[in-house]
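Taken from TrEMBL, the feature signal peptide applies to 1-23. Summarising the annotation, TrEMBL assigns transmembrane segment to 148-165, 171-191, 203-222, 234-252, 264-280, 286-305.
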Amino acid sequence: MDNGIVNPLSAVIFLLIFHCVYTESPSTTESIHFLKPGDVIENNKPGLQTFCHSAKPKHVKYMWESLTIYLRTNIENYDLYNGKTPEEVMQMHDDNHRSWNFNIFSIQKNKKFKINPFEDVCIGIYVHPSNLHKYTVSMIETRTDSSILIMMMAGAALFLGAYNLSKNTLFYYLISIMLGITTSIIILVYFISKFLLKGKMMYITVLTGWTMSFYLFQVLWENTQLIIVQYREWVAWYILITSVISFVISYRFGPITNVRTKRLIQWFLQIIGLITMYYSSYLREASAFFCIFILLLYKSPTVLTQKGKTYWMNMFPERRKLLTEDQYREEGIRETNKALNELKEYCVSPKCNPWKTTLILKDPIRFARFMEGESHLSEGESREHDAEITRIIEECEYTDDEDDTL
C-alpha cells in the first residue's frame, strides 16, 4: 500500500522537476541579435533566439519603405514571439512555458514578417532541444513598397468614388453577394460549434476556459488555406450556391432607393477609404497628412477650381477669335438640341401646366408628336432648310471661283 502511494507522488515530483528544468533551460541558451537591412544570420543552437531591429528616424522620404524578415528552415515544431524588446519576448516565452496552457503568446508560424521600420521590433524563435536546430534569418529593405502605394491609391479612390459607388447598381449586387457569403459562413460556423460542443466536448471547453476555444480557433485559422486547397471543389460549389442565393434575394428587393441610406453607405465607404489610407504607410504622420489633404480637397473642390480658373484667366487671358462657318454650324446644332431637350424636360415636369400650354399653342398635335419623339421640323420646313443651305453653299463656291479668276 505504501508503494502504491509513493509511486504516484514520485511521478508527480519528477514531472514538476522536469517541467522546471525544461522551462528554465531556454534562458541559458538565449541570444540576442540586432538585424540591419541585408544581414543574414544562421543559427544552429536550440532554445530561444531573439532577433531585433532598432527604430530608424522618421522622414517623409521613407514613407513608402518597408522591412521584411525572412525565416528559412525545415523545422515545423517551433514557437514565435513578437514584442518590442528582448525582455518582453523573454517574458512571453517564460509565461508560456511556466504554465500548462496552450501557447497563446505564439504568433502565426509564418516565415515572412513585415515590420515597422520606425519602431523597435523583436522576433523570438524558440526551437525545442529534441528537434533539428538549423535555420536562417535575414532582413530585406524595400525603399518603395508597391503594396503600400497600391493601398494608398485604393483608399483615395474609394474615398473619392464613394458617392458614385453608393448609387451604382452593380456595386450594390456585388456587396450583397459578399455579405451573403460572409453571413452564411458565420451561420455555418455557429451551428458547427453548437454541434461540437455537445456532451464531453462541452465539459472540456468549460474546464479549460477560453484557452481551448482560442487554441481551436488558431488551429482552424492556420489551416484555412490547406482546407481550401484540399476541398476546393466543395468550397467553389459552396461559394457559387451562396452567391446565387444572395443575388436572388438582393434582386428580389431591388437596389436601395432611400436617399439617407445611400448617404450612410457613402459615409461608410469614405471612412473605410480614410482608414485604408491611414494604415497604408508605417509613417503615420505622413499618411494622416494625406488624409487631411484629401478631406480638404473633397470638401472644397468647387471653390479651389473657381479660384484657380479665375487666377489663370487673369494671368493668361484667352485671345478672342472668330468662329469658322463649320464651327458656327456645329454650335448652332448643339445649342438647338440642348434647348429642345430642356423644353421636353420642362413639359414633363410638375412645373408645367399642360392645359395652359395647350391654349397658347398654334398646333397642339404637332407639339404632341414632338414630345413623342418626332422631329421639331415639318417636312416642308426641312425642305426649305435644305434648299437654303444648298443655296448658301453654291453662293460661297461661286464667290471662291470669282476670287480665283481675279
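Including glycine, each Cβ sits where the backbone N, Cα and C put it.
A quick note: this is a predicted structure, and the numbers were derived from the prediction, not measured.
Across 148-165, 171-191, 234-252, 286-305, stretch 148-165 shows the highest tally of CB pairs under 8 A with the transmembrane segment (264-280). Against the transmembrane segment (234-252), stretch 171-191 has more CB pairs under 8 A than any other of 148-165, 171-191, 286-305. For the transmembrane segment (286-305), the residues of the chain that approach it from at least six positions outside its boundaries are 60, 63, 152, 156, 159-160, 274, 277-280, judged by C-beta separation under 8 angstroms.
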